[in-house]
Amino acid sequence: MLKVYFLALFLAGCSAFVLDEIRGINIGQSPQKVLVDHVNTVQTSWVAEHNEISEFEMKFKVMDVKFAEPLEKDSDVASELFVRGEIVPEPLPDTFDAREKWPDCNTIKLIRNQATCGSCWAFGAAEVISDRVCIQSNGTQQPVISVEDILSCCGTTCGYGCKGGYSIEALRFWASSGAVTGGDYGGHGCMPYSFAPCTKNCPESTTPSCKTTCQSSYKTEEYKKDKHYGASAYKVTTTKSVTEIQTEIYHYGPVEASYKVYEDFYHYKSGVYHYTSGKLVGGHAVKIIGWGVENGVDYWLIANSWGTSFGEKGFFKIRRGTNECQIEGNVVAGIAKLGTHSETYEDDGGAATSCSFIMCTLMVLTYYFV
């Protein structure tokens with residue numbers, strides 16, 4: 001009888017433990033399939049789908065969670081654009097997609113792949129830079145900015161390479177030191193990404209060393225001449241203001257946002273994500289390209305850097321207006337310094353676009369004064 005009593009206590013304890021695990025305290029070694037089934041059972045805002053990538057491999061796609069927090073020295077720095085008063089308040093649309101407003105800017109549509117390096121902070125920066133150069137130049141300049149250059153050469157000012165980094169510092173690096181061109185692994189440009197996409201038995205990637213030469217097949221420019229510079233880098237909002245973030249995107253293009261990642265996010269397939277269950281895994285940085293409403297839920301439209309097999313062909317939606325996973329608390333952007341001499345850039349498809357002296361000058365004047 002005593003054995004039966006202790007067995008009952010043991011089973012009750014196990015049941016309580018499993019329930020606590022599923023509720024989000026910590027799913028520990030429980031199968032990820034259990035988590036996916038739980039997510040799909042308790043809510044209908046988004047759909048989770050079990051994937052075959054192990055937790056061990058997936059953890060390398062995020063960074064140290066501290067990099068998702070704003071730098072303390074920037075906590076009271078308002079957006080330079082709002083301080084200058086360049087944005088005139090106006091009604092914003094209920095839905096917006098930067099791909100539709102600037103259809104000639106191919107990089108806005110591009111989904112890149114960071115592989116097993118926590119370089120999301122550098123990806124987000126490179127993507128925003130690429131998009132904004134195109135937007136400011138009215139589509140005549142379309143560089144695919146190198147993640148590798150930012151990742152390997154920004155150093156400890158930005159963070160710890162594949163372990164994570166600060167998005168704002170990546171943009172400041174672009175403004176002070178410039179960034180060359182370069183697509184994903186095996187791509188075009190001066191300095192493409194070192195790491196190939198991987199989906200099974202993937203080793204952890206280590207931060208590549210900083211190089212100051214272009215790949216041998218790139219004959220267009222030397223490293224220093226291939227540099228693209230920013231005119232400014234700034235925080236978009238210090239108050240988690242949804243309207244300020246929307247206004248920035250609507251007028252100037254995509255922005256970079258850092259946020260906290262939980263286990264359930266790895267299994268996102270579609271819908272409007274919000275944290276449901278699972279432990280905190282780390283931080284992540286992504287590119288916000290728009291917003292909208294789905295089934296009555298406000299969302300941000302976001303480009304991830306985990307390849308096109310993730311989510312909605314590489315994109316995802318996350319709840320807007322509630323600072324979900326702190327995504328509205330650390331949003332940054334920058335303004336490009338367009339060249340005023342004849343420049344030719346290689347995009348990731350190898351197509352070149354050019355800008356004449358007169359055309360570039362007119363574009364700069366139009367962008368800032370019209």
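Cβ atoms here come from the backbone N, Cα and C positions, even for glycine.
Since the structure is predicted, the reported quantities are computational estimates derived from the model, not experimental observations.
Disulfide annotation in Swiss-Prot: Cys134 is bonded to Cys105, selected among Cys105, Cys154, Cys158, Cys162. Listed in Swiss-Prot as the disulfide partner of Cys162, from the options Cys117, Cys120, Cys202, is Cys117.
When Swiss-Prot is consulted, the disulfide partner of Cys202, picked from Cys198, Cys210, turns out to be Cys198. Rounded to a whole number, the distance between the Cα atoms of Cys154 (disulfide bond) and Cys210 (disulfide bond) is 8 Å. Separating the Cα atoms of His284 (active site) and Cys134 (disulfide bond) is a whole-number distance of 25 Å. For Cys198 (disulfide bond), the number of other Cβ atoms no farther than 10 Å from its own Cβ, over all displayed protein chains, is 17. Within the set of disulfide-bonded residues (Cys117, Cys202), the lowest number of other Cβ atoms found within 10 Å of a Cβ is recorded at Cys202.
According to DSSP, Cys158 (disulfide bond) sits in a coil region rather than a helix or strand.
If you check the disulfide-bonded residues Cys153, Cys154, Cys198, Cys202, Cys214 against Cys105 (disulfide bond), none has a Cα inside 10 Å of its Cα.
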